[in-house]
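Below: one structure, written as structure tokens.
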Amino acid sequence: MLRFLFRRLLMLGPVLVGLTAIMFVIARLLPGDPVGLAAGPNATLAERAALAQEFGLDRPVWDQYLSYVAGLARGDLGRSLMTRRPVAEDIAIYLPATLELVLAAMALAIALGLPLGLLTALWQNRWPDRLGQVLAIGAISMPRFFLGLLLQLVFAIWLMWLPLGGQLPVVTLPPPRVTGLVTLDAALAGDWATLGAACRHLALPALALSLSPLAAILRMMRASAIEVMAQDYVTAARALGLPRRKILIKTIGRNAVSATLTVIGLYFGWLLGGTVLVETVFDWPGLGLYATRAILSQDMMPVIGVALVTGLIFVAVNLAVDLAYGLIDPRVRYE
Amino acid sequence: MTAGTRPPRPAARRPRALRRFGRNRLSLLGAGLVALVLALALFGPLLAPYPAHVAGGIDTAARFQPPSAAHPFGTNELGQDVLSLTLAGARASVLAGFSVVLIGGTTGILIGGIAGFLGGWIDEILMRLTDLMLIVPNLILAMTVAAVLGPGFQNMVLALALGWWPGYARLLRGEVLAARERPHVTAARAMGASQARVLVRHILPDCVSPVIVKMSLDMGFAILMVAGLGFIGIGVRPPVPEWGTMLATARAYMPDMWWVAMAPGLAIFVAVFGFNLLGDGLRDSLDPRGGR
């Protein structure tokens, strides 16, 4: 198992280099005028040249790429033309908000998706199952940004139960920064009022983001539970007269979860790169908003940085999923 | 086929698949919704109650009228009938989604087919590239390319297609690897069929069903992505009605003039729902074993 882990970690290096190469090719070889956009319409030619030189944009692309990769080894992701700050520092500010959102959404999706999937498998082809299937396909088909707008309209404007957007009320001071996740930091500081406010702000965007992973997890869990229920060991457990609850949770549930883990891992990665729309709707100060602003001003260093960081987390989560297989299913061997 | 020994393959299974498809009411609903959306894409502008608004005409006297008999979904900030714009908007969304799936799918099929068929170092290189592209966040990639190339229909399609092929490459490679070992392929080889003929005539037909299923499921997803790009403001140019762009504009007037957002949002949902139901039904009837 340690060897498996070590080999997979060794592969991260080439993956990072490959990712930067792809992003560089796309970002640098396409036409565009990032310097002109950053310098502003009134900049003189000399000012623009100085800016290009300061950010190394006057050098050939392969040269820029090599120095970027060299910087990457030191954890340097380059500097943003837009904020004039190191990209790594910017990402450190915006990443926690996105992580918080994705974690909340995935927690919701898993907590509801797994049991619902198991239940609909039990009721296979009866009306609750059929209804669940239709609702799941509907949930996957719902555009997140439209759902976000609807949630805002109903819960924030008509019912006034929950806030419209943002991470905290404007008047609330954010809790001392430890992890960067506002809810966790508030809890660590023992500031329950702030924790409550943070949770209320988190609720709607997390709900909007969680619907399609929830549906995907439900469907996967149902499919694999149906497969597991046909296995001989489930029949054996029934014949032995084990309590139904125990069979459902221990025998069927546990065996069906391991197939569902893959979907969970994949969705975690997709959500990280797909929060853009939900963050836009709810003014959530995360990576998506940062990337959007950078993209619209053709400021490529932050874009490459965001793609790298989300790609890296995606790979890491899928590695964690592979390791989790072994914890849930002792028959899994790592080679 | 000269030998006439073709074993019953997907081609022979299809009538049965059609019957299975017809028995599932949800798949039929999906097919109906897709037919409706396709009809709108073809004739939407003709069906619009206010064709002048679709062409770009405005009516400032009738701004932000709430839903009524004359305007079932109200009017927008320019006094245009929201229903008319939404009906006409089907064209941009469906055409863009279809082009993305077609271009991305064809590229992926070529890459995956070549990788699986030739094997060796070509397979290795192509598949590592595919793995890398799967890691790049799709939406961010598409936004980057679309933003740099500038707004416009073709640029948006290109930007989305660029990140669309890896799934097809993986799918096709797996299918080709499996098909390569089947007896009818070995038989064709033994009879002296050329490489190209074996690939086109004997291997690719075996891979058609999963590709159709994936394309149908992907159509819904592509329409979602197109609308998403429109919502961020990098999509089709404004005078052309497009659902995502309409929603973005509506959001600016959201709390009070909420109805402006309803028709385009529902339209996206209905179109995507239809394609997903259809794809699901196709998968169940063409490939009963494969679950997700």
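Quick reminder: no glycine exception, Cβ is built from N, Cα and C everywhere.
Any TrEMBL annotation is an automated prediction that lacks curation.
These come from TrEMBL:
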DOMAIN    A:95-325  domain 'ABC transmembrane type-1'
TRANSMEM  A:9-30  transmembrane segment
TRANSMEM  A:101-122  transmembrane segment
TRANSMEM  A:134-161  transmembrane segment
TRANSMEM  A:202-221  transmembrane segment
TRANSMEM  A:256-282  transmembrane segment
TRANSMEM  A:302-328  transmembrane segment
Original post:
Does the chain bring the transmembrane segment (A:302-328) near the transmembrane segment (A:9-30), so that three or more CB pairs sit under 8 Å (pairs 6 or more apart in sequence)?
Top reply: yes
Original post:
Do we see three or more Cβ pairs under 8 Å linking the transmembrane segment (A:134-161) and the transmembrane segment (A:9-30), pairs being at least 6 apart in sequence?
Top reply: no
**OP:** Report, as numbers and ranges, which residues of the same chain sit near the transmembrane segment (A:101-122): CB under 8 Å and 6 or more residues beyond its ends.
**Re:** 128-129, 132-133, 181, 183, 202, 205-207, 209-211, 213-223, 225-226, 229, 248, 252-253, 256-257, 260, 264, 267-268, 271-272, 275, 278-279, 284, 286
**OP:** Would you mind listing the long-range same-chain contacts of the transmembrane segment (A:202-221), meaning Cβ under 8 Å and 6+ residues beyond its ends?
**Re:** 100-102, 104-106, 108-110, 112-114, 116-118, 120-121, 132-133, 135-140, 142, 144, 147-148, 151-152, 155-156, 162-163, 165, 167, 183, 256-257, 259-260, 263-264, 267, 271, 275, 278-279, 281-282, 284
